[in-house]
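As given in TrEMBL:
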{"type": "ACT_SITE", "residues": "ASP342", "note": "active site, 4-aspartylphosphate intermediate"}
{"type": "BINDING", "residues": "ASP342, LYS343, THR344, GLU453, PHE495, LYS519, ARG548, THR628, GLY629, ASP630, ARG710, LYS716, ASN739, ASP740", "note": "ATP binding site"}
{"type": "BINDING", "residues": "ASP342, THR344, ASP736, ASP740", "note": "Mg(2+) binding site"}
{"type": "DOMAIN", "residues": "46-105", "note": "domain 'P-type ATPase N-terminal'"}
{"type": "DOMAIN", "residues": "763-990", "note": "domain 'P-type ATPase C-terminal'"}
{"type": "TRANSMEM", "residues": "102-122", "note": "transmembrane segment"}
{"type": "TRANSMEM", "residues": "249-273", "note": "transmembrane segment"}
{"type": "TRANSMEM", "residues": "279-298", "note": "transmembrane segment"}
{"type": "TRANSMEM", "residues": "797-817", "note": "transmembrane segment"}
{"type": "TRANSMEM", "residues": "823-845", "note": "transmembrane segment"}
{"type": "TRANSMEM", "residues": "875-895", "note": "transmembrane segment"}
{"type": "TRANSMEM", "residues": "901-922", "note": "transmembrane segment"}
{"type": "TRANSMEM", "residues": "929-949", "note": "transmembrane segment"}
{"type": "TRANSMEM", "residues": "955-981", "note": "transmembrane segment"}
Amino acid sequence: MTDNIPLQPVRQKKRMDSKHRSGCCECLRCCGRRDPRPRTVWLGHPEKRDQRYPRNVINNQKYNFFTFLPGVLFNQFKYFFNLYFLLLACSQFVVEMRLGALYTYWVPLGFVLAVTVIREAAEEIRCYMRDKEVNSQIYSKLTARGTVKVKSSNIQVGDLIIVEKDLLQIRSYVYAEEPNIDIHNFVGTFRREDSDPPVNESLSIENTLWASTVIASGTVVGVVLYTGRELRSVMNTSNPRSKIGLFDLEVNCLTKILFGALVVVSLVMVALQHFAGRWYLQIIRFLLLFSNIIPISLRVNLDMGKIVYSWVIRRDSKIPGTVVRSSTIPEQLGRISYLLTDKTGTLTQNEMVFKRLHLGTVAYGLDSMDEVQSHIFSIYTQQSQDPPAVKGLTLATKVRKTMSSRVHEAVKAIALCHNVTPVYESNGVTDQAEAERHYEDSCRVYQASSPDEVALVQWTESVGLTLVGRDQSSVQLRTPGGHILNFTILQIFPFTYESKRMGIIVRDESTGEITFYMKGADVVMAGIVQYNDWLEEECGNMAREGLRVLVVAKKSLTEEQYQDFEARYVQAKLSVHDRSLKVATVIESLEMEMELLCLTGVEDQLQTDVRPTLETLRNAGIKVWMLTGDKLETATCTAKNAHLVTRTQDIHIFRLVTNRGEAHLELNAFRRKHDCALVISGDSLEVCLKYYEYEFMELACQCPAVVCCRCAPTQKAQIVRLLQERTGKLTCAVGDGGNDVSMIQEADCGVGVEGKEGKQASLAADFSITQFKHLGRLLMVHGRNSYKRSAALSQFVIHRSLCISTMQAVFSSVFYFASVPLYQGFLIIGYSTIYTMFPVFSLVLDKDVKSEVAMLYPELYKDLLKGRPLSYKTFLIWVLISIYQGSIIMYGALLLFESEFVHIVAISFTSLILTELLMVALTIQTWHWLMIVAELLSLSCYIASLVFLHEFIDVYFIATLSFLWKVTVITLVSCLPLYVLKYLRRRFSPPSYSKLTS
């Protein structure tokens, strides 16, 4: 009847709930958010609004036209690393502080900023185009002048939107509750004033359509109640933000340490001058002189490396369709400790398969369904042979039911008690109208909000009782003989999390009998059905097999009983206050002493290779938490079926708690369990986090697996945030629907799966994949490689800068602590760019093991969780190597130089270049042909440029034999000991991966 969020364009063909995520609308950025209020919405008259509503626009961008450049620059200079170089470059405008040409400082900084701005602009443009595509989608709006086309961004509250597969003079309005984040409930009323008498109808969540809903057949008219930031999907998501990787924070920390070393070295130099003269100015000059200790090229090398990693991920043929939407955090993929995943559509296909029918004394599995079919056939064959007057009598007066009649009653109950609608489509031979009129089997498709409902109806069709028609007031079933059974729907009670059951009251048109059918979870149905001695035991047996168990029951009603119930039920539904409680009370008066018919068991089909993927993640040291909005029973079954919980692990189902005392008792009970997976509902979780946040998270983090069911989107994000705060570990969130967006955006690394629920999650994620199984390779191969490569690259860039800084320190010390640069002009810029940039950057192609080995031995991933590739220990080792090599090169050049100063420059600079090239070769573990090209290209560039460096280097001297042997000796002394140490380490203390590559 109503539509609480905008609808999908009419051109869509397949039904899906793809709940497009909207970011903050424009007015939210300009003004404050007002308190939400209830509203009265006149159908088809958006101008009759009693308050101002937000525009229905989608905005996933981090910046707008005016905030882009200031925002990007702020995000760059808020880090110490870039702010330092900005201050350094600005200081060169002061004559007393200038050490060289301005371009030696401003060109590198400008290049770094240009790369960052271009990258951010490209991502913003892609985001803008995606938003524009969604905001420009065409909808059909119903007006007094007929149907008109309207863009999504122009939809207003009160508009009547037509939803169809590929009407208007009315005085009606809808009263709707204020916008809120509760996606499971809705309270409203519909009133039509131009009818006699006026029509009043209550509205619940069953009368609403989600954003972007597309129906499979027919036409629906919906009135828009909420738009823009007041959409419940939007209120359950957070604003887009720029994620900063842990690796980048660690590098930023190292640069602070280097800055501290820079200050210490500068003070030492001035102290050795006994603070003579204008010593404070000398300190500043030394700070500028040793500024290479902090490499300006580090940031741009890492950023370019991220671009390469993203390109490699997109080009991987083994994970086709993978998209990198955030190129700033690929290293995060290599250090994930907690994986939080959605269930439906992510781990499962959201397609149920009927597995078991249990009648208490007999059970039917997949291999014995032909027996059920024969029972149904025999019942309706017998009925077709009996006169109609006798038929009802013979079935109703049997004291002891035969097995055939018991099976028939169970199957009929399953075929009637649901919310499934059969729809008919043209198959190329029969058109839609003819198919619907003749109930063509080949043209029929079942449509429902729950896949297990579809599975049950498909099963009844397979055994002979087919659902062929349904509308709001009637149901039609077809018997094996082709006879149509007509039933009138008197009432339907939808499933809710609180009730854990659904029911329907129908009248058989052939006999006039009124029957109340109900199905639900065993925990609630056990107290509703008549006493029996097999329900609890068999439900447990089926649940242990990983089946979703439903208990089916019925109760016959007289006409008087039903009329009395209807009067009380209608009165309760019209209540505005405490409606849910009043309605539940009336329904419960009917739910007594119901006849137990059967148990049904269905199984949710898993996505391809979910089990081996989860096994890989477990072996890699990653703990998996499943956060789902589904029911507890369904979530538990899926956890078992997917082997999220192994066969050797116990499961502790955290009982429902509503207050502090109950939470305390249940936490104590849970504390006594060991190596036990936890299953907890969203309501209980909320109570625990309110009173015992620290204690609960401490216990939950010790569990091998956690399942949170009936989680609201905000709860999913809260769990991610608490894991980050309490453990300090990196989290990865995986989901495929709009209700996963908050979790995906809150996690350190968000992965969206493109599935049946649309692209909302994938568009909001940092990485988008097409199947859950691709996650294993994304983490084990690309995440691991990205982290190890960036660690090696960053340490090598730091080493490169520390080497030349050490040489400068030695040079200044020898020449009476003068603040005179050793290398000037192009030599400084060329050293970090064309002479060494290509070989150093080629480390982004290095790898220690083949991708097949990384997938086969996920334990290799576990080593990265300790952060060893980039740690204080490895940083200190590279600092010592840099000091050693810088000292050897400088002292060697001073020792071996001849009469002129330019010879020192020639010998030391050439040795420095060769040392860097050899160190790259020493670091590489797997050679790539581009690495060889980079080494040769850099060496060729240096040799070729010597002709143009006569201002700094004696060209005639470098052609002599004396120059060659001196450079060779210095280079060997600086590098050879490191090669020896590397060999000894691999020989006596090999890394874990070396055993797999030997």
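In case you wondered, yes, glycine gets a Cβ from its N, Cα and C as well.
Curation does not apply to TrEMBL; its annotations are automatic.
Feature map: annotations from TrEMBL on the structure.
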residue	record	Cβ neighbours (10 Å)
ASP342	active site, 4-aspartylphosphate intermediate	29
THR344	ATP binding site	24
PHE495	ATP binding site	20
ARG548	ATP binding site	25
GLY629	ATP binding site	23
ARG710	ATP binding site	19
ASP736	Mg(2+) binding site	32
ASN739	ATP binding site	30
ASP740	Mg(2+) binding site	37
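As a quick check, the transmembrane segment (102-122) and the transmembrane segment (823-845) clear the bar of 3 or more Cβ pairs under 8 A, pairs 6 or more apart, so the two touch. In summary, the transmembrane segment (797-817) does not lie against the transmembrane segment (929-949): fewer than three C-beta pairs, each 6 or more positions apart in sequence, are under 8 Å. Contact between the transmembrane segment (901-922) and the transmembrane segment (955-981) is supported by 3 or more Cβ pairs under 8 Å, counting only residues 6 or more apart in sequence.
Beyond the ends of the transmembrane segment (929-949), by six or more residues, the same chain brings 826-827, 830, 834-839, 841-842, 845-846, 910, 913, 917, 920-921, 955, 958 to within a C-beta distance below 8 angstroms of the stretch.
ASP740 (Mg(2+) binding site) sits 11 Å from THR344 (ATP binding site), taking the Cα positions as reference. Residues belonging to the domain 'P-type ATPase N-terminal' (46-105) score a mean pLDDT of 77 in the model. Long-range contacts of the transmembrane segment (823-845) within the same chain: residues 100-101, 103-104, 107-108, 292, 295-297, 301, 304-305, 308-309, 789-790, 792-793, 796-797, 800-801, 804, 905, 909, 912-913, 916-917, 920, 923-924, 928, 930-931, 933-935, 937-938, 941-942, 945, 949, 951-952, each at least 6 residues beyond the stretch ends and with a Cβ under 8 Å from a Cβ of the stretch.
Here the candidates are the binding-site residues THR344, GLY629, ARG710. The one whose C-alpha lies nearest to that of ASP736 (Mg(2+) binding site) is THR344.
Helix, strand and coil counts under DSSP for the domain 'P-type ATPase N-terminal' (46-105) come to 28 helix, 0 strand, 32 coil. It is 18 Å from the Cα atom of ARG548 (ATP binding site) to that of ASP342 (active site, 4-aspartylphosphate intermediate). Nearest neighbour of the residue listed as 'active site, 4-aspartylphosphate intermediate' by Cα distance, taken over the binding-site residues PHE495, GLY629, ARG710: GLY629.
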